[in-house]
Every structure is written in C-alpha cells, then in structure tokens.
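S.K.: What Swiss-Prot shows for this protein is this:
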DISULFID  CYS100-CYS177  disulfide bond
REGION    319-343  region 'Disordered'
TOPO_DOM  1-28  topological domain 'Extracellular'
TOPO_DOM  51-63  topological domain 'Cytoplasmic'
TOPO_DOM  86-102  topological domain 'Extracellular'
TOPO_DOM  124-142  topological domain 'Cytoplasmic'
TOPO_DOM  164-194  topological domain 'Extracellular'
TOPO_DOM  210-236  topological domain 'Cytoplasmic'
TOPO_DOM  257-273  topological domain 'Extracellular'
TOPO_DOM  299-387  topological domain 'Cytoplasmic'
TRANSMEM  29-50  transmembrane segment
TRANSMEM  64-85  transmembrane segment
TRANSMEM  103-123  transmembrane segment
TRANSMEM  143-163  transmembrane segment
TRANSMEM  195-209  transmembrane segment
TRANSMEM  237-256  transmembrane segment
TRANSMEM  274-298  transmembrane segment
Amino acid sequence: MNRHHLQDHFLEIDKKNCCVFRDDFIAKVLPPVLGLEFIFGLLGNGLALWIFCFHLKSWKSSRIFLFNLAVADFLLIICLPFVMDYYVRRSDWKFGDIPCRLVLFMFAMNRQGSIIFLTVVAVDRYFRVVHPHHALNKISNWTAAIISCLLWGITVGLTVHLLKKKLLIQNGTANVCISFSICHTFRWHEAMFLLEFFLPLGIILFCSARIIWSLRQRQMDRHAKIKRAITFIMVVAIVFVICFLPSVVVRIHIFWLLHTSGTQNCEVYRSVDLAFFITLSFTYMNSMLDPVVYYFSSPSFPNFFSTLINRCLQRKITGEPDNNRSTSVELTGDPNKTRGAPEALIANSGEPWSPSYLGPTSNNHSKKGHCHQEPASLEKQLGCCIE
C-alpha cells in the first residue's frame, strides 16, 4: 500500500487528524437493508400510531409511554431515505449543510428517545408487578404526559449540539455528512453514545429479572396471561440488546484501537469502520422491531388485528359493504378471556377499546373502581387497582 493511498483516508476534522472511508461495500449492501427497515418500520409504526390516535378509547400512563416510543421510532424512520441516498452515492451528501445537521440530529434524538422510552416501559411494568401498591402506579395521565415531555426535553438537550456546528465536510470531490469519526480524541458526544446504552441496559435487565423472579416466587408463571406478560418483558430486553449492543461493541473496539495505534495508519480502521456502519443499521432496525413490543404489550393489539381481518374477510365473502357497522374498527375485549389475569401485565385488554366501557352503567367499570370488594384470585396476590 503506497503512502499516497494511505493519505487518501486522512481528513482534518475540528483540527484533528481523522480517518474517513468511502466504502463500495456499504454503497451496495446498506441501501437495500435500510429500504426494508424503512418499509416495515413505516408500516408498523404508522399502524401503531393510527391505533393509538383513532382507536384507543381511553389512555393510561403505560400507553402514553408506548405512544411516545412509537413517535420516536416514526420520526427516525422517515429520515432513512436521506441516509439511503447518502450511502448509494458512496458517502456523498447532496442536500447541503443544514439538512445534514437536521438529519443527524433527528437520528441521534430519536435513537436516544427510543432507548429512554423502552427503559421507561420496562420500569413502569416493574413497579406494577413487583411493587403493585407503589404511588408511582397511581400517577395520572397528565403526570405521565408531563414526564414524557421532560424526557423529550432531556433527549433534545443531549443531542442539540449536532445543530450548532458544521457537520458537512469536504472529502476530495465528495461531501461527507458524519457525526461519528475515527479521531484520536474521546468527545462528549461519543461518551454519551456509550452511557445511553449501558445505563438503560442495566435498568432493563434488572427490571426484567425482578419481574420474572417475582412471578415465579408466587408460582404465577404458568398462567397463560402471565406467560404472555413474561414474553413481553423478554421481548423488550431482547429488542434492546439486538439493536443497540453491536454498534456499541464496535465503537468500544474503535476507542481501543485509537488508544493503542493512533491515526498514523488508517488502514487499521477500515474493517472496524465498515463494521460500525453495518451495526448502525441494527440501531435503525429497532424502529422496525418496536411494533413487536406493542403487539405483546396487551392482547388489545392482536385482538384489533383479528377483528379487522375478520371484518375484511366477511365483506369479501358477502361481496357487500357492511353498512350497519361503523367504518371505524373498534375492539371490544372479551372479559371472560382476561378474567383473573393481573391488570399490570395484560394492560386491561377488555376495557379501553370498547365504547361501552366508558358508560356509567358498565359493570366492568364499576368493578374496577371497587376491585377490593371482589378481587380475582391472581389480583389478590399482586394487588388490585394498580393501573
């Protein structure tokens, strides 16, 4: 490898010598992968937001947090086409400096937002199961909305620095748009990239382990609804690890190489730089997989799809429009299917989707308001009126 070719990878960023690569492999492989993530993520999160906004008949704190998670994922997904175009052009940004800053800010903000709200969902379920009588389980929807706004404020505060400086850098004939680079320095931005993973990871693993242990101690893990709840908890942890761990591991390896080798020979970093951008696609995949979290969060979501599919099939068979039914598909949960399962785990599948639940004469509503009078067998062990 001649010296001239090695120098091609050097780029001065903020008066520091950095290594920057424009890899043909990324240009060929990542755009199709990101395209699939965009399609499935847009469909999944778009449908989730549609259900939240138009078919949810009442709100609870846990659903407010899930709604914010869906918003974060949706905002990240709509930025993917710009990144796809960037990779197709072999890391050559054609939209100018301000759009470059905005897209990188949106990616960083919504990546962090997804992490934060996944963590909040795990903590919320932890308190409802392990500490069912804790005051946090009784927070109002208004309080949950304020907490969500504060979390968004923290997220914006930690990523707004990406809007303040120029991130579009001339690299030969190409314009490179990057917020992460291989430089012999450890910046605050990169430190946060690691901290925002390991701290939530510890919290999510702790909450998941305590919930499963608590249920098994009370010999409740064999109940069908409890098994579904345990599946939900495990899905949250698995999605988090699969999507965010690979890029963090590669970034740590880059820091180690910088500490031991410096930036004198950029060829040392070619493979790890390629690995980092590939693992970043796993990060974007989080927005595609989070709808699985919504699906397992409550029987209401699969019930909704079952109801929608059944109505569509019925109309197709009869060949006539269903004029006697509302064009809005609403779920009416089956209380017989959910009786006896802890509310903290099944998220009240039988009530918020049904308009009758809101009626003053609803028996379900009456029992929920005075559940200490006739608690179900499993609710006695977990505590009632916890959601």
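Just so it is clear, glycine is given a Cβ too, placed from its N, Cα and C backbone atoms.
Owing to the predicted nature of the structure, the values given are computational and were not obtained by experimental measurement.
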S.K.: If we call contact 3 or more Cβ pairs under 8 Å (sequence gap 6 or more), are the transmembrane segment (195-209) and the transmembrane segment (29-50) touching?
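M.R.: Output no: the transmembrane segment (195-209) is apart from the transmembrane segment (29-50).
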S.K.: Can you check what DSSP calls CYS177 (disulfide bond), collapsed to helix, strand or coil?
M.R.: strand
S.K.: Note down the number of other Cβ atoms within 10 Å of the Cβ of CYS177 (disulfide bond), including every protein chain shown.
M.R.: 23
S.K.: Taking pairs 6 or more apart in sequence, does the count of Cβ pairs under 8 Å between the transmembrane segment (143-163) and the transmembrane segment (274-298) hit 3 or more?
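M.R.: Counting Cβ pairs under 8 Å, fewer than 3, so no.
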S.K.: DSSP helix, strand and coil counts for the topological domain 'Cytoplasmic' (51-63)?
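M.R.: Split by secondary structure, the topological domain 'Cytoplasmic' (51-63) comes out as 7 helix, 0 strand, 6 coil.
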S.K.: By DSSP, how many residues in the topological domain 'Extracellular' (86-102) are helix, how many strand, and how many coil?
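M.R.: Each residue of the topological domain 'Extracellular' (86-102) counted once, the result is 9 helix, 0 strand, 8 coil.
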S.K.: Return the residues near CYS100 (disulfide bond), defined as same-chain residues 6+ apart in sequence whose C-beta is under 8 angstroms from its C-beta, sorted by sequence, else 'none'.
M.R.: TRP93, LEU167, LEU168, CYS177
S.K.: So what's near the topological domain 'Extracellular' (86-102) in sequence-distant terms, Cβ-Cβ under 8 Å and 6+ beyond its ends?
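M.R.: Hits for the topological domain 'Extracellular' (86-102): 21-24, 26-27, 30-31, 34, 162-163, 166-168, 171, 173-177.
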S.K.: Given the transmembrane segment (103-123), which of the listed stretches 29-50, 64-85, 237-256, 274-298 has the most Cβ pairs that are under 8 Å apart from it?
M.R.: 64-85
S.K.: Let's see if you can do this one: DSSP helix, strand and coil counts over the topological domain 'Extracellular' (257-273), in that order.
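M.R.: Taking each residue of the topological domain 'Extracellular' (257-273) in turn, the totals are 13 helix, 0 strand, 4 coil.
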